[in-house]
């Protein structure tokens with residue numbers, strides 16, 4: 001016993017570091033929080049069970065009340081039919097019975113008169129009475145009555161047999177959860193920045209009320225990831241088994257789709273997700289090399305006549321701190337935005353009011369659209385090699401191709417390459433579509449609305465090209481993430497050198 005006491009005492013006096021005790025306390029606190037959170041979850045779930053049970057009981061009462069109401073209406077209608085038939089037959093029989101009673105009364109009276117006439121002894125009076133009796137008998141209603149009831153007492157045609165209906169009522173049960181639809185990738189279509197998704201049910205289900213389609217953009221191929229960088233977007237209340245999303249911006253390589261069926265009460269399981277490719281050219285404007293007189297955002301550029309002067313004054317102010325220089329206007333493109341990663345080339349300067357795209361085209365077919373401001377005096381749209389000089393203007397070198405719109409002094413619309421100009425006898429559209437087939441060596445410009453071909457260059461690109469834009473006194477807005485339109489693909493197939501090309505510019509000076 002002494003030894004045991006000594007042992008116990010030693011344990012009681014064992015030293016535990018404060019850090020270890022803090023860890024124990026932290027572990028216990030975390031466990032308590034975990035248990036408390038679980039208790040809250042259980043309470044919330046219990047509350048949900050009670051509320052949802054109350055809701056479904058209420059809905060069940062409403063459904064049965066609706067059935068009772070229908071049965072009462074049908075019963076009332078049938079009762080009215082029986083009562084109407086009863087009244088009709090009763091009326092017919094009552095009329096016939098009244099006619100018979102009147103005929104019988106007249107006949108009995110005539111019989112009594114005839115019997116008394118037998119006692120008449122005077123021949124002349126007897127003969128007169130006999131003629132009267134004969135005439136009255138001829139006209140008596142008793143001899144003109146039909147002694148067959150006009151209606152029968154049969155009411156069997158209004159009897160009912162609800163055995164089948166009772167059997168149907170016994171089969172009443174809760175709504176089944178709809179099965180998961182099946183998306184058919186073969187029937188899905190991706191074209192013209194629209195996606196049509198088609199699906200079918202594994203078996204017929206006439207209880208389905210509508211479908212819910214969910215979609216999200218992703219850059220991962222294959223099955224959707226559980227934790228993707230984008231949330232699912234929902235399209236509800238689709239009545240058919242096909243839906244088209246139009247006017248999409250394809251700024252991701254793929255899109256995930258899934259669909260579920262819904263009946264009046266519940267939504268079913270999701271279909272197996274399907275991933276469709278939605279790849280398109282996406283680029284922004286490169287403000288790290290744009291002319292200082294251009295105010296550049298990701299998808300728009302505007303002429304800023306004070307931009308260059310502001311920068312020059314800012315530099316002079318740094319060199320001559322004693323002088324007061326004109327402050328540079330606030331420029332959101334250069335002053336507030338971090339420099340672009342692509343900054344290896346010199347900034348455009350002089351009269352080359354140019355900005356390039358930040359993504360090079362090295363292969364494939366691509367399409368984008370440009371819209372000019374209504375008051376834009378002069379602008380160009382095209383492509384250029386990365387080697388375009390900082391003083392070079394689009395279309396004035398052999399490393400750039402463009403169409404140029406001039407609304408200053410005189411209106412001109414022309415294609416330009418290698419300092420050669422080809423006047424275009426077409427109306428300048430509100431939006432210009434640009435099609436670049438790098439491998440096929442083709443650069444075409446279209447009316448973005450009507451898809452009318454404006455001009456087409458044929459060449460052989462020897463190095464990657466960048467989308468290029470020139471702006472003076474005005475602005476341009478850019479629309480990327482677009483597929484090559486079906487109409488443009490069709491026109492490209494039928495175009496066999498029938499339009500102007502770069503070679504037609506060689507003999508035309510600016």
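Along the chain as shown, the residues are counted starting at 1.
Cβ atoms are placed via backbone N, Cα and C, with glycine included.
Summarising the annotation, TrEMBL assigns coiled coil to 83-117. Taken from TrEMBL, the feature compositional bias 'Basic and acidic residues' applies to 311-322. Look at TrEMBL and you will find 323-335 tagged as compositional bias 'Polar residues'. Look at TrEMBL and you will find 118-175 tagged as domain 'COS'. If you look up TrEMBL, you'll see 177-281 marked as domain 'Fibronectin type-III'. Annotation comment: TrEMBL describes 281-485 as domain 'B30.2/SPRY'. Residues or ranges marked as region 'Disordered' by TrEMBL: 303-347.
For the coiled coil (83-117), the list of distant contacts is 126, 129-130, 133, 136-137, 140-142, 145, 149-153, 155, 158: same-chain residues at least six beyond its ends, Cβ to Cβ under 8 Å. Looking only at the coiled coil (83-117), the predicted model's pLDDT averages out at 88. Each residue in the domain 'COS' (118-175) gets a DSSP state, and the totals come to 31 helix, 0 strand, 27 coil. Look at the domain 'Fibronectin type-III' (177-281): DSSP puts its residues at 3 helix, 46 strand, 56 coil.
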